[in-house]
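Annotated in TrEMBL:
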ACT_SITE  297  active site, proton acceptor
ACT_SITE  384  active site, proton donor
BINDING   137, 138, 139, 267, 268, 269, 270, 271, 272, 569, 570, 571  peptide binding site
BINDING   296, 300, 319  Zn(2+) binding site
DOMAIN    466-613  domain 'Peptidase M1 leukotriene A4 hydrolase/aminopeptidase C-terminal'
Ligand SMILES: CC/C=C\C/C=C\C[C@@H](O)/C=C/C=C/C=C\[C@@H](O)CCCC(=O)O
Ligand SMILES: [Zn+2]
């Protein structure tokens, strides 16, 4: 039976904001670490778009709803909550008593201990070992397991929240903190407000033993106390990145830009939660070499958080634009050559991803059909890197950044606070350049191939390879030597590698990865030359271990398992577990390691790695 789109606007949401839309959420929740639940209520302010509509349709997942009330009169409202849990959770349909256009509905509910949006950590799983820890990850469609809501990015809401938690924990949200926490019994109540419109996937919460350090006029970094010094050092460039981003995108509207360093099981590099970007501790390399992720999250404050994809089939509008802006920030701060180098690295990463997904895989197109598909199953670097390659191609076509930079600012100003589809972007682009020489150029664009064809992009601009050439030459020399059986003396020296930056070493290894596997002998010689397995930088470690596994270098199996299980960032766990699985000798150890670690990971990581290992349906 073929799957159906759940609603006209969003294949992954039951909700119908085109009929009745939620405009504001007022949350009052209690965090209970014993039962691993949040319980309380949400008051939803709603507005009828269709005057005839008499029900409100929400998304929910594993929620126990105890009561729904008309907020003004406190009268009980009838509701139906779907009983069979699907990929997309359960539909919650609430019947209005009133006919007014604007009304408020209160839903009383409790989350499940297996809420897919939440991870509950015991004190032993934290750095300090003394306090429990809770964090959320709502993108793409997990907000429905935290609060009954219209869990579609086509709708935006403001929110307020009062959260009660054990008195010795700090609670933070993707919002502005309001006043000091208030002590009530052995708990404290923390208040927040988010006055800027956000899609549901940007709702976020954390509770733990957290301290903060100021790192800029509008920024603090939050972390467990033992991590704070390192984090403050690593992210000291944040304000400079924000200033560069404002130069590219326009004024920063969110007031605060704080960073939160999470425990290692946080599944992504970063998540652009407004006012409080969540980041993985794997960014803390000690030398600020991985802070392009912070530039990425800063870019999201405009592309994604202000101008939002209206469903996840248009995810490239969020991520392609964000990578494009991230690299503009890098260009402004470090020079154009670095912007080009980052794009070349992105192209290598994309080639590796498309090779492993398969070049005819429909999920490698820029606008995949997500009917019946869990967005988590389609996640890859494709919307990021193919999207940025497309935007750079357009920039080149219209005459370069002199023409495209003002367009970018105008696009953001025009669509900010709204949710859009790819057609809105194309129409605006054509309209913006209509009376310029670029109009004719835009007619040459093969929109259909860019948006709908799987595989690598139809074309790339000629990036300046001044910083990448050394990586390419070393990769060529080493590969040729490997292919000839390593007979002659090794053609690269310690000094060759010593002259490379961390990012260039990463790119050198990445380029080796998209070639046929190296021999074990080459791997051993590389290890002797540069002690690659001592390098702590997680991006280098990932690529080095993958090269070892692809070479079927047995000594690397325990090291790879240690790396993939010591944290839960999917960018690292998934390829390592996939490589282990694809090598028959390593497969049993991989399956065994997965069984041991999966309960320490967040749902999305356990689910996707489980699928990669063919142990989850
Ligand atoms: C074509 C793709 C369609 C839909 C995917 C939408 C959402 C995917 C969902 O799994 C959530 C993604 C959240 C991403 C958050 C942050 C990323 O930018 C992190 C990138 C990877 C990393 O650096 O670890
Ligand atoms: Zn992103």
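All positions are counted from 1 along the displayed chain.
Glycine residues also receive a Cβ, built from the backbone N, Cα and C atoms like all the rest.
For the recorded positions 268, 270, 272, 384, 570, a Cα-Cα cutoff of 10 angstroms around the residue listed as 'active site, proton acceptor' retains 270, 272.
In this structure, residue 297 (active site, proton acceptor) is part of a helix by DSSP. Listed recorded positions: 137, 268, 297, 300, 384. Those with a CB atom under 6 Å from ligand 1: 268.
Neighbours of the Zn(2+) site: apart from 296, 300, 319, residues of the same chain with C-beta atoms within 8 angstroms of the site's C-beta centroid are 270, 272, 297, 299, 303, 304, 318, 321, 322, 323, 325, 326, 384.
Residue 296 (Zn(2+) binding site) sits 8 Å from residue 270 (peptide binding site), counting Cα to Cα.
According to its DSSP assignment, residue 570 (peptide binding site) is helical. Within the domain 'Peptidase M1 leukotriene A4 hydrolase/aminopeptidase C-terminal' (466-613), the DSSP-based counts of helix, strand and coil residues read 106 helix, 0 strand, 42 coil. Within its own chain, residue 139 (peptide binding site) has 201, 202, 271 as residues 6 or more apart in sequence whose C-beta sits under 8 angstroms from its own.
If you check the recorded positions 137, 268, 270, 384, 570 against residue 319 (Zn(2+) binding site), the ones with a Cα inside 10 Å of its Cα are 384. Along the domain 'Peptidase M1 leukotriene A4 hydrolase/aminopeptidase C-terminal' (466-613), the predicted structure has mean pLDDT 97. Under 6 Å, Cβ to nearest atom of ligand 2: this is the test, and of the recorded positions 137, 139, 270, 297, 319, 570 it is passed by 319. Under the three-state DSSP scheme, residue 268 (peptide binding site) falls in the coil class. The C-beta environment of residue 137 (peptide binding site), restricted to residues of the same chain at least 6 apart in sequence and closer than 8 Å, consists of 117, 119, 204, 266, 267, 268, 271, 278, 602, 604.
Just so you know, the Cβ of residue 296 (Zn(2+) binding site) picks up 24 other Cβ atoms within 10 Å once every protein chain is counted.
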